[in-house]
Structure formats: structure tokens, C-alpha cells
């Protein structure tokens with residue numbers, strides 16, 4: 001590890017690690033699947049809508065403890081973080097399966113809240129392990145890395161939903177078995193391959209970009225494949241089984257990248273041996289130069305300490321230094337306006353669909369997931385392109401998504417025929433954009449050194465937003481409009497059930513738009529510098 005010369009197998013391991021990261025993300029969006037089994041919980045436990053929404057809040061509160069994952073990511077290897085997350089998911093969703101399958105009688109409400117919280121927290125460990133490791137491994141392509149990984153998180157809901165539809169006919173009990181067991185198995189596999197690779201082993205930016213283009217293309221094929229199945233769900237058993245096999249093959253297709261890298265390293269092995277002697281001296285010089293830079297950095301840090309000057313935006317920040325900046329809180333609140341309202345729609349999609357007269361809401365859950373994927377993967381790639389080309393600040397893309405999200409909420413508030421189809425797609429796209437853009441933005445504004453912790457503090461917006469917009473706003477307003485049902489609980493049918501909720505969330509998105517425009521203006525100079533740095537690096541490579 002201490003040698004600057006790293007074998008070609010290390011590059012293969014880096015790409016194999018990224019493939020395993022993709023698979024982890026493809027099964028770590030289980031937090032967005034609550035609507036698929038929430039109605040079963042509501043009837044089994046005789047809950048009101050407010051009580052059901054608070055269960056979904058408990059699930060999202062688990063993300064608040066993601067701070068532990070952020071702290072641990074700086075102290076423990078990636079495999080430990082993955083192991084903790086997989087065990088939490090196995091226990092949290094396993095307990096819910098026992099209740100929904102009626103193998104045990106319904107647990108007390110507070111215990112259900114605990115297991116939902118545990119299941120929700122499991123994804124923060126998985127996401128932290130994957131994002132922190134991969135962004136550090138591919139520093140020159142943070143946008144595409146974030147877009148691809150977050151894109152597969154978006155697809156994960158559709159993957160679980162469509163597989164359950166194909167194999168188990170939307171049975172909530174079988175669905176929860178998948179949520180408990182599949183992530184556990186995938187994380188066990190990823191533990192062997194996902195790790196930080198020294199920067200000297202990083203391939204050139206052009207090769208990385210071409211590989212990421214392949215990842216993007218394969219991900220789009222998976223998304224279109226899932227979208228196609230959503231429109232032919234009433235197919236026979238044989239077609240459903242063939243769909244499942246085809247989906248598993250497509251999910252395994254990213255392996256072509258590490259396989260290609262392996263064959264390439266074999267073919268160029270002799271050439272590499274010849275070049276090592278020539279490269280050795282420049283590498284030593286690079287190490288000497290790095291040591292000199294490090295020494296000068298220490299001197300500069302001492303000078304900064306003496307002058308007590310806080311770091312400038314774009315430099316390495318500790319979490320406390322970041323939280324003292326206006327930019328952090330502008331990013332935090334605008335993120336809340338976008339993901340908080342989006343999560344409220346996802347948590348309540350089951351009841352929104354039933355209120356508008358749809359007996360089966362799995363279609364809307366899947367649509368939100370798939371279009372969320374397109375939002376994530378396109379935002380990461382497009383924002384990176386325009387950053388390199390014209391220095392466009394990433395927050396501008398967040399601002400655009402907030403306006404589009406506002407239109408989506410207005411459409412759903414109007415409750416016209418088909419508005420839920422359009423609204424679920426729009427919300428999915430914009431929610432995906434916000435998640436994909438905020439990940440690299442945080443690293444560019446506040447650095448990578450404490451990124452794991454900073455990322456998890458921003459993710460606090462998920463439980464906060466869930467509590468404000470889903471637990472309080474949607475829960476109270478729905479119960480005000482609903483009528484009691486025999487045996488406990490309540491129900492509401494009609495466009496009026498969620499109309500005020502959608503109007504309030506549209507106003508929140510307008511506030512988020514204003515904040516994003518402000519942040520884009522404040523970071524304009526930083527992104528101009530990043531554009532210049534990327535051009536100079538490209539010219540020297």
C-alpha cells in the first residue's frame with residue numbers, strides 16, 4: 001500500500017467496487033417503498049391517517065441517526081459501515097414482515113416506530129459507505145458518480161415493486177421479505193470489493209468519462225425496461241418470470257466495465273512493465289512535490305490559525321466551520337423545501353391514489369421511482385458538462401427543479417383526470433435532481449475531508465421534511481377531511497383530501513427556488529474557478 005506503483009489489478013478492483021456500489025444503491029431505496037405496504041399496516045393496526053403518517057416519519061427519523069454513519073465513515077473501513085447497515089435493515093424490515101404476514105400479533109405502536117426507524121437508518125450506512133468511498137475514488141467526476149449512484153437509488157423502488165408484482169402479485173408480506181433479505185445479501189457481497197483506492201491508481205479523466213457514459217447508458221436501459229413492464233403488468237406468469245430474469249441480467253451488465261479493464265490490463269501488462277522504469281522517477285518527483293505542498297499547507301494552516309481566518313468557500317471545512325457559513329444554511333433550507341415535500345408525496349402516495357379513485361397505486365410508486373432515476377442521472381451528467389463548459393453553478397439546476405416541482409404540485413391540487421400520472425413523474429424527476437445535485441455541491445463548497453458527516457447533516461432534511469410535510473401537514477389535513485371507518489381508522493375519497501397540502505408544498509418550493517438562485521449567485525466565482533481548474537487539468541493530462 002505504501003508503494004506509489006500500483007498493479008493494474010487495483011484499477012480493476014476500483015471499477016469492481018463501483019459496480020458493487022451500484023448494486024448496493026439499487027437495493028438501498030427501500031425507504032421510498034412505504035406506500036407499497038402502508039395500507040396493510042393501517043388495516044392490521046387500525047390506524048388513523050395521522051398515526052400512519054407518523055409511522056412513516058419514524059422511518060425517516062432513522063435518517064437523523066445517519067450522523068453516526070458520517071462519523072464512523074472517517075474512522076472505520078467501508079466494509080464495517082456496510083455490515084452495520086445490512087444488519088439494521090435485516091432486523092428492521094424483518095420485524096415488519098412478521099407483523100404484516102401475521103406470524104406475530106401487531107406490535108405496540110412504539111415498537112413499530114422503533115423497527116421502522118431501524119430500517120430507515122440502515123440506508124444511511126449503505127449510502128454513506130457508497131457515496132463517500134466512490135466520490136473519493138473518482139474525484140474528477142463527482143457529478144456523474146453522484147448521478148449514477150443516486151439514479152440507481154431512484155430505480156430501487158421500481159426494482160423492488162416490479163419484482164414483487166412479477167413474482168408475488170403485489171403481496172405486502174413477500175415485499176417485506178425482499179426488503180429485509182436482498183439488501184443484506186448484496187451488502188455482504190460489496191464488503192469484499194468496495195474500498196478506497198489510492199489516488200495514484202486513478203485512471204485518466206478521459207477513460208473514466210467514457211466508462212461512466214457506459215454506466216449511464218446501461219442504467220437508462222434498466223429504467224426503460226422497468227417503465228415498459230409498468231404498462232404491461234397484467235401479463236401472464238411466464239412473461240412476469242421472463243421479465244424478472246431479464247431484469248437481473250441487466251442489473252449484472254455493469255460488470256462489463258471491470259471485465260474490460262481486466263482484459264485491457266492483461267494485454268498491456270508487458271508494456272506496463274516497460275513503462276514502470278520510466279514512470280518511477282516522475283512519480284517520485286510527484287511525491288516530493290506533494291510533500292512540499294503538504295509542508296506549505298501546514299505552514300499556511302499555522303498562519304491561518306494565527307490570523308484566525310475561517311476557510312473560504314471551496315476549501316476544506318470542518319462541520320462546525322461549514323455550519324457557520326450562510327451558504328450551508330441556504331443549501332440546507334432549499335434542500336428541505338425540495339426533498340421534504342417530495343418525500344411527503346412518496347409516503348402518502350398510497351392514500352393519495354386511493355383518494356383519487358385508484359385501487360392499485362403501485363404504478364404511481366414505480367413511476368415516481370423511475371422518473372426520479374432520470375432526474376438523478378441526467379442532473380449529475382448535465383451539471384458536470386455545463387460546469388466544465390461554462391462554469392454553471394450547480395445550484396441553478398436545483399432552482400430549475402423547484403419551479404418544475406411547483407407546477408407538479410399545482411397539477412395534483414387540481415385533481416384533474418391523469419394529473420396524478422403527470423404529477424408523480426414531475427415530482428420524481430425533481431426529487432431526483434435535488435438529491436443528485438446536492439451531493440457534489442456539498443463536496444465542492446465544503447471539501448471532501450469531512451464530507452461523510454456534512455452529507456449526513458444535510459440528509460437530516462429527510463426526517464425533518466417528513467415530519468413537517470407528511471406527519472404534520474398531510475396527516476392533520478387528511479384527518480380533517482376524512483370520515484371514520486368501522487373498527488377504527490378513517491378514509492377520505494376525492495380531490496379535496498390533499499388539495500391544501502399540495503398548495504402549501506407548492507409555496508414551499510417557491511421559497512426553495514429563491515434560495516437556490518441566491519446560492520448560485522453566491523457561488524458563481526467558485527464555479528468559475530472549478531471550470532478553470534478542470535480545463536487546466538484536462539490540458540495537462
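Each Cβ is built from the backbone N, Cα and C atoms, and glycine gets one as well.
Per TrEMBL, domain 'Nodulin-like' is recorded for 14-259. Per-residue confidence over the domain 'Nodulin-like' (14-259) averages 85 (mean pLDDT, predicted model).
The feature domain 'NFD4 C-terminal' is assigned by TrEMBL to 315-528.
Summarising the annotation, TrEMBL assigns signal peptide to 1-21.
If you look up TrEMBL, you'll see 76-97 (among others) marked as transmembrane segment. Sequence-remote contacts of a segment are chain residues at least 6 beyond its ends whose Cβ falls under 8 Å from one of its Cβ atoms, and for the transmembrane segment (76-97) they are 24, 28, 30, 37, 41, 62, 69, 103, 107, 112, 115-126, 128-129, 133, 173, 176-177, 179-181, 183-184, 187-188, 190-192, 194-196.
Taken from TrEMBL, the feature transmembrane segment applies to 109-135 (among others).
For the transmembrane segment (175-197), the list of distant contacts is 10-11, 13-14, 16-17, 19-21, 23-24, 26-28, 30, 33, 36-37, 77-79, 82-83, 85-87, 89-90, 92-94, 96-97, 100-101, 119, 122, 126, 129-130, 133, 136-137, 160-161, 163-164, 168: same-chain residues at least six beyond its ends, Cβ to Cβ under 8 Å. As annotated by TrEMBL, transmembrane segment applies to 175-197 (among others).
According to TrEMBL, the feature transmembrane segment maps to 209-229 (among others).
For 241-263 (among others), the entry in TrEMBL reads transmembrane segment.
Annotated transmembrane segment per TrEMBL: 328-346 (among others), in sequence order.
According to TrEMBL, the feature transmembrane segment maps to 352-374 (among others).
The transmembrane segment annotation in TrEMBL covers 395-414 (among others).
Distant neighbours of the transmembrane segment (420-441): 131, 135, 142-143, 145-147, 150-151, 153-154, 331, 335, 338-339, 342-343, 345-346, 349, 352-353, 356, 358, 364, 367-380, 383-384, 394-395, 397-398, 400-402, 404-405, 407-409, 411-412, 455, 458; these residues of the same chain sit at least 6 beyond its ends, with a Cβ under 8 Å from one of its Cβ atoms. The annotation transmembrane segment is assigned in TrEMBL to 420-441 (among others).
For 453-478 (among others), the entry in TrEMBL reads transmembrane segment.
The transmembrane segment annotation in TrEMBL covers 498-521 (among others).
The list of residues near the transmembrane segment (498-521) in space but at least 6 beyond its ends in sequence, with Cβ under 8 angstroms from a Cβ of it, reads 327, 330-331, 333-338, 340-341, 344-345, 348, 352, 355, 393, 395-396, 398-399, 402-403, 405-406, 409-410, 412-413, 415, 469, 473-474, 477-478. With Cβ pairs under 8 Å as the measure, the transmembrane segment (328-346) is packed most heavily against 453-478, out of 109-135, 209-229, 241-263, 453-478. Contact counts against the transmembrane segment (453-478), taken as Cβ pairs under 8 Å, peak for 109-135 among the stretches 109-135, 241-263, 352-374.
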